[in-house]
Amino acid sequence: MVLIRVLANLLILQLSYAQKSSELIIGGDECNINEHRFLVALYTFRSRRFHCSGTLINQEWVLSAARCDRKNIRIKLGMHSTNVTNEDVQTRVPKEKFFCLSSKTYTKWNKDIMLIRLKRPVNNSTHIAPVSLPSNPPSLGSVCRVMGWGTISATKETHPDVPHCANINILDYSVCRAAYARLPATSRTLCAGILEGGKDTCHGDSGGPLICNGQVQGIVSWGGHPCGLPRKPGLYTKVFDHLDWIKSIIAGNKDATCPP
């Protein structure tokens, strides 16, 4: 019965996607300048080139992936074009960083999460505002939004000047287990993508948000290579499962433990 239910879900999703034209993140379009006020870019002082994204969840805290940790991180907020600076762009450095596991010992299918406390709070502005944490986990089949300055080519590193956005769907975790043999039977990750491929997060999008109904439900973690292959969805750290840890850290409990 479980197998029949999974196959039925896959068929429904495939039929619904077949009527949608592929958009040319991978398979995305330039984000509207006003839809990503919570999106931040992470880069290092020396390189001055971003390597990851993150999500502003209040004036003092940014959510990203553990894999995005670096020394001398700089955080740029309010940015759209990397070539044209908005008047309200703000740059911050971390005051503290928190992990479920060490940034060196997380696994790619579990606990890929980093919480950054900014040295100075940011001010809300035309292009800067936090996004809400989830009130409930996302439903299977939910249409969600991914965004970032990651490569827009599956075969070569082609980074856009502006963030790209794409709509993808929450898929049954069994779809990702079928795609990636080493995935455990259960994990605190979301499986999301497009079954026929063509839309996906890719290199440079790590740490960025998966937005469902105006709430950050996932953190870009990892996926197939090349990006955007059929039946190779992406894996996203499930924010809802880490909600108690996030709220405890923000409240000042530095000894808070992550879910097992």
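Cβ from N, Cα, C; glycine included.
What Swiss-Prot says about this one:
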type: SIGNAL; residues: 1-18; note: signal peptide
type: DOMAIN; residues: 25-251; note: domain 'Peptidase S1'
type: DISULFID; residues: CYS31-CYS165; note: disulfide bond
type: DISULFID; residues: CYS52-CYS68; note: disulfide bond
type: CARBOHYD; residues: ASN83; note: N-linked glycosylation site
type: DISULFID; residues: CYS100-CYS258; note: disulfide bond
type: CARBOHYD; residues: ASN123; note: N-linked glycosylation site
type: CARBOHYD; residues: ASN124; note: N-linked glycosylation site
type: DISULFID; residues: CYS144-CYS212; note: disulfide bond
type: DISULFID; residues: CYS176-CYS191; note: disulfide bond
type: DISULFID; residues: CYS202-CYS227; note: disulfide bond
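Structural mapping of features recorded in Swiss-Prot.
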{"residue": "CYS31", "record": "disulfide bond", "CB count, 10 Å": "21"}
{"residue": "CYS52", "record": "disulfide bond", "CB count, 10 Å": "25"}
{"residue": "CYS68", "record": "disulfide bond", "CB count, 10 Å": "22"}
{"residue": "ASN83", "record": "N-linked glycosylation site", "CB count, 10 Å": "7"}
{"residue": "CYS100", "record": "disulfide bond", "CB count, 10 Å": "21"}
{"residue": "ASN124", "record": "N-linked glycosylation site", "CB count, 10 Å": "13"}
{"residue": "CYS144", "record": "disulfide bond", "CB count, 10 Å": "22"}
{"residue": "CYS191", "record": "disulfide bond", "CB count, 10 Å": "26"}
{"residue": "CYS227", "record": "disulfide bond", "CB count, 10 Å": "26"}
{"residue": "CYS258", "record": "disulfide bond", "CB count, 10 Å": "19"}
Within a 10 Å radius around the Cβ, which one of these disulfide-bonded residues has the most neighbouring Cβ atoms: CYS165, CYS176, CYS202, CYS212?
CYS202
What's the CA-CA gap between CYS212 (disulfide bond) and ASN123 (N-linked glycosylation site) in angstrom, rounded?
24
Out of CYS52, ASN123, CYS227, which of these recorded positions is nearest CYS100 (disulfide bond) by C-alpha distance?
CYS52
Rounded distance in angstrom between the Cα atoms of CYS31 (disulfide bond) and CYS176 (disulfide bond):
27
So, three-state DSSP: helix, strand or coil for CYS212 (disulfide bond)?
strand
